[in-house]
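S.K.: I am attaching a structure below and will ask some questions about it afterwards.
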Amino acid sequence: MTQAPLTYAPEVADALAQGRPVVALESTIITHGMPWPQNLEMAETVEATIREGGATPATIAVMGGRIHVGLTPEALRALAQTPPAEAMKLSRADLAVCLATGRTGATTVAATMICAHLAGIRVFATGGIGGVHRGAEDSFDISADLQELAQTPVTVVAAGAKAILDLPKTWEVLETLGVPVIAYGQDNLPAFWSRDSGLRAPLRMDSPEQIAAAADMRAALGLRGGQLVANPIPVEAEIAQDVILPVIEQALAEAQAQGIAAKAVTPFLLSRIFELTEGRSLESNIQLVLNNARLAARIAAAMTA
Ligand code: PSU
Ligand code: MN
């Protein structure tokens, strides 16, 4: 039988063998979510932030028929310089095909959760998860990230779902799927670039220890799936809802007029919002990822304590 083709960076293998905290990181945000060279700067700073938090970073990507769990500085740079058209955007549906054909692939939230779980990593930090797209009643475009949260036992730290989505529908689907959506340190759900979506969170927790204990309890109860920790962007980095919402509306209208569909939707919207805000959305996006990395490192430490 074919074995899962995992290649560990030496520091990740050591940390896992010694029971030290490890935080997984995705790579689609590098290849399809941010432009060069800010994508590399973000990826390097996120790794450094996790190290400062006392955990080992494991950025996950597919290269040469192997799942790489932790990338060398050279591999990280090469990935950041790969044009979006040359890297597959991998979710549950395409992971095995990418591996079997030896192509280069960047892992979304869903694929990163699968790989992290195979590698024995229980915590993962990202920017924002995918979710139910606006107009999903016609397009049926619902990110596979939601199904993955329902079945793979990894705690995902994000700044909510990306505000380009239909947020109320996204939270409804997660509730239906039995995924705990936990706002960190506040009563309302954050909305990616803004701290407050105006929507009340189904659950709230105020410490990494509680979040780690809830993950252990799910396992003890035999419940499948992970947890979503919705961590609000730092105040100084947020873009107010009344500023970002019209920009999102304009980007969505352009996507529709140009017939952008399927996997191209999220990358198109993110890059148009970046242009329309003259880079401000990207700076906020980077700051919220760093903030999520800090919290994820603390949760990983609590899970190994
Ligand atoms: N978070 C970001 N930027 C991104 C993403 C997350 O700050 O680009 C990526 C993640 O990999 C997520 C994906 O899984 O966008 C969702 O894509 P889709 O809507 O096509 O499922
Ligand atoms: Mn989609």
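Using the three backbone atoms N, Cα and C, a Cβ is placed for every residue, glycine included.
Note: TrEMBL annotation is automatic and uncurated.
Feature list, courtesy of TrEMBL:
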{"type": "ACT_SITE", "residues": "Glu26", "note": "active site, proton donor"}
{"type": "BINDING", "residues": "Lys89, Val109, Ser143, Ala144, Asp145", "note": "substrate binding site"}
{"type": "BINDING", "residues": "Asp141", "note": "Mn(2+) binding site"}
{"type": "ACT_SITE", "residues": "Lys162", "note": "active site, nucleophile"}
S.K.: Of all the recorded positions given, Lys89, Lys162, which residue's CB has the most CB neighbours within 10 A?
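M.R.: Max Cβ neighbours within 10 Å, all protein chains included: Lys162.
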S.K.: Hey, does DSSP put Ser143 (substrate binding site) in a helix, a strand, or just coil?
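M.R.: Assignment for Ser143 (substrate binding site) reads coil.
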S.K.: Let me check the 10 A CB neighbour count of Ser143 (substrate binding site). How many other CB atoms are there?
M.R.: 26
S.K.: Name them in sequence order: residues not among Lys89, Val109, Ser143, Ala144, Asp145 whose Cβ is within 8 Å of the mean position of the Cβ atoms defining the substrate site.
M.R.: Ser91, Thr108, Ala110, Ala111, Ile129, Gly130, Glu148
S.K.: Could you tell me which three-state DSSP class Val109 (substrate binding site) falls into?
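M.R.: In the DSSP reduction, Val109 (substrate binding site) maps to helix.
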S.K.: Cβ under 6 Å from an atom of ligand 2: which of these binding-site residues qualify? The list is Lys89, Val109, Ala144.
M.R.: none
S.K.: Give the distance between the Cα atoms of Val109 (substrate binding site) and Glu26 (active site, proton donor), rounded to the nearest whole Å.
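M.R.: Here the two Cα atoms are 6 Å apart.
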